[in-house]
Amino acid sequence: MDDPYHNNVNQQMTEGGDYTYTQDGGGQDGYPYQTDYPPQDEDAASDATEGADEDDQMYEGEYQGIPHPDEIKEARRAARVEARRKARMAAQQEEEEESLPEQYETIMEDCGHGRFQWMLFFVLGLALMADGVDGFVVGFVLPSAEKDMCISNADKGLLGLLVYVAMMVGALVWGGLCDKMGRRKCLIYVLTIDLVFSFLSCFAQGYGFFLFLRFCSGFGIGGSIPIVYTYFTEFLQMDKRGEHLSWLCMFWMFGGLYASFTAWGIIPHYGWGFAIGTQLQMHSWRLFILVCLFPALAALIGLVFMPESPRFLLETARHDEAWMILRQVHDTNWKAKGEPERVFTVTNIKTPQTQEDEFIEIQSETGTAFQRWTVRKMTMLQQVCNTLHYHGLGVWFPDMIKYMQYEEYESKVRIFHRERVERFHFNFSLVNQIHREGEYIHDKFANIEIKSVKFESSLFENCYFEDIKSTNTFFENCTIKNTVFYNTDLWQEKFKNCRMENATFLHPKKGCHLNFQEENDIVIYMVSFLGSLAVLPGNIISALFMDKIGRIRIIGGSMLASSACTFLLLLSFSQGAVICWQCLFYGISVAAWNGLEVISVELYPSSKRGTAFGILNGICKFAAIIASSIFAAFIGITKIIPIFLAFAALVCGGMVALKLPETREKILS
């Protein structure tokens with residue numbers, strides 16, 4: 001090998017016979033060497049210096065602090081070797097980091113899709129079903145709970161609001177924790193918190209304590225959705241993700257069906273309750289909450305036998321545990337398929353270096369930071385638009401039905417003006433009546449129910465009330481003389497601006513009581529049941545076509561088709577029409593929800609998947625709170641504004657969805 005240093009050296013003779021060696025190029029100074037003999041041939045030089053010690057040779061530059069040319073050459077060679085070593089290490093590290101997703105996908109394909117995934121599917125499905133049940137519990141028990149615990153209208157609205165706030169906070173907190181602590185562990189915590197506090201809420205007699213327990217329960221179950229989808233995704237190969245995540249979405253529908261059916265069968269039967277002593281009253285609505293715990297309990301028991309996500313273990317450098325779980329998945333599937341002899345051949349799994357990745361990995365190599373930020377915001381906006389219309393109309397449909405029932409009920413009210421009744425025995429129920437300026441002398445009201453009755457500016461003299469059950473019944477500006485109330489629930493809050501003269505109350509039933517079955521309870525349960533059942537066709541279609549036509553087309557097409565359905569709501573002039581359009585709307589729009597769940601877990605890297613999903617789900621809960629408030633405010637005022645808001649949100653979300661990146665063939669990063 002030629003020496004690059006000596007190739008550029010010139011010899012010059014100085015006075016006295018000395019030879020000076022100088023180096024050309026680069027403006028470098030020469031290095032003088034002094035000797036007592038002229039230049040010789042190579043063989044002659046060897047003979048002349050034979051037996052001489054190299055250490056005895058004098059280097060003139062030594063005294064001037066100039067390094068020897070050989071030292072410079074060695075330093076340069078070492079620098080080049082070190083640079084090549086670092087380049088090889090960087091290339092190897094980059095290759096390992098880039099190959100982990102591909103290797104993991106290959107391993108999952110080798111493990112196959114079989115018994116293990118189906119077992120996990122049903123366990124996580126029950127957890128998702130528990131979340132669906134919790135979404136209906138408060139709405140179903142509220143009509144009974146408000147009577148049982150004397151909840152005012154303001155406090156009634158506070159209960160629904162706080163439960164949604166708790167679920168929003170739970171999604172944010174547990175979504176982030178599952179990226180730090182593990183999917184399985186956090187899901188166990190979530191279900192345990194929900195079970196414990198929901199169980200305790202069954203026995204809460206005071207409204208404040210009941211509110212606190214339901215808030216804690218909501219905080220727990222609110223984290224289930226981000227964890228469930230993240231957990232299940234990491235056990236699926238690429239060509240199975242869209243379909244099976246869509247099938248998993250069906251369990252939320254099963255939760256709605258389960259809650260509606262059990263509420264329909266339990267809550268109206270007030271006789272099913274029981275008392276423990278004199279203080280603890282277990283009415284049927286409390287038994288309903290108890291029955292609603294079964295899906296969460298079953299999911300918790302099943303989860304004990306499920307392993308942690310191997311992808312999470314790899315992200316936390318626990319590759320030995322990940323290898324064992326992947327082998328378990330492989331062996332379980334192939335034994336069930338009749339091929340137990342198949343061996344898990346993976347011997348080494350690459351693990352990435354711990355680093356702060358970008359949330360959005362789409363276009364991570366060629367895209368700019370602004371492009372990744374844009375994709376992230378578009379995904380968030382699309383979810384918010386979908387939530388605004390879905391939850392907004394979800395509140396509007398049942399409230400509109402209640403309002404129609406109220407209008408129909410009000411239209412049938414009977415008004416009695418200046419009637420005079422003497423020595424009459426009222427032994428039949430009084431329902432939906434208004435009595436103005438009436439006179440009741442020596443009358444007896446016994447063993448009857450008084451529902452939605454108002455007495456205005458009336459006189460009751462020498463009357464007798466016994467064993468009366470009343471609901472929404474009031475006495476306003478009335479005069480009560482020499483009248484006895486025995487074992488009735490007519491107490492102070494029932495009399496407004498009334499003048500009492502020698503009135504006697506014996507054994508009054510103070511407080512609020514569950515006296516009778518509401519006539520519209522059955523209709524509301526039926527509406528919720530049909531609304532949940534209506535999403536079944538949409539779930540099936542989205543599952544079958546999610547991997548065939550892609551997530552983006554499913555989301556965009558579903559939302560744009562749903563926007564067209566909103567105009568049919570203008571034709572809703574009866575309860576039957578509202579129920580019909582509700583079922584049609586739910587059946588079409590559910591496909592967009594399924595697509596959103598799938599694309600949300602595919603857009604984000606494994607180390608941040610739970611956190612990102614939790615943030616998106618928390619924002620959706622916040623949008624649901626806003627939508628519920630806005631849409632409920634227009635009940636009984638106008639249908640135009642709710643319909644226009646729903647249409648705008650659907651069109652906006654559908655157009656944004658078409659701009660999102662397709663993730664159908666994307667390997668999980």
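One-based numbering along the chain as shown.
Every residue, even glycine, has its Cβ placed from backbone N, Cα and C.
The compositional bias 'Acidic residues' annotation in TrEMBL covers 39-59. If you look up TrEMBL, you'll see 120-664 marked as domain 'Major facilitator superfamily (MFS) profile'. According to TrEMBL, the feature region 'Disordered' maps to 1-69. Residues annotated as transmembrane segment in TrEMBL: 118-145, 157-175, 187-204, 211-232, 244-267, 287-306, 522-545, 552-573, 611-634, 640-660.
Just going by CB pairs under 8 A, the stretch in 157-175, 287-306, 522-545, 640-660 that sits most against the transmembrane segment (552-573) is 640-660. Here the transmembrane segment (187-204) has long-range neighbours at 127, 130, 134, 170, 174, 178, 210, 213-214, 216-217, 219-221, 223-224, 227-228, 231, 280, 282, 286-287, 289-290, 292-293, 296-297, 299-300, 303-304, meaning same-chain residues at least 6 beyond its ends whose C-beta is under 8 angstroms from one of its own. Residues 136, 139-140, 243-244, 246-247, 249-250, 253, 256-257, 259-261, 263-264, 267-268, 397-398, 401-402, 405, 554, 558, 575, 579, 582-584, 586-591, 594-595 of the same chain sit 6 or more residues outside the transmembrane segment (522-545) yet have a Cβ under 8 Å from a Cβ within it. The domain 'Major facilitator superfamily (MFS) profile' (120-664) scores a mean pLDDT of 80 in the predicted structure.
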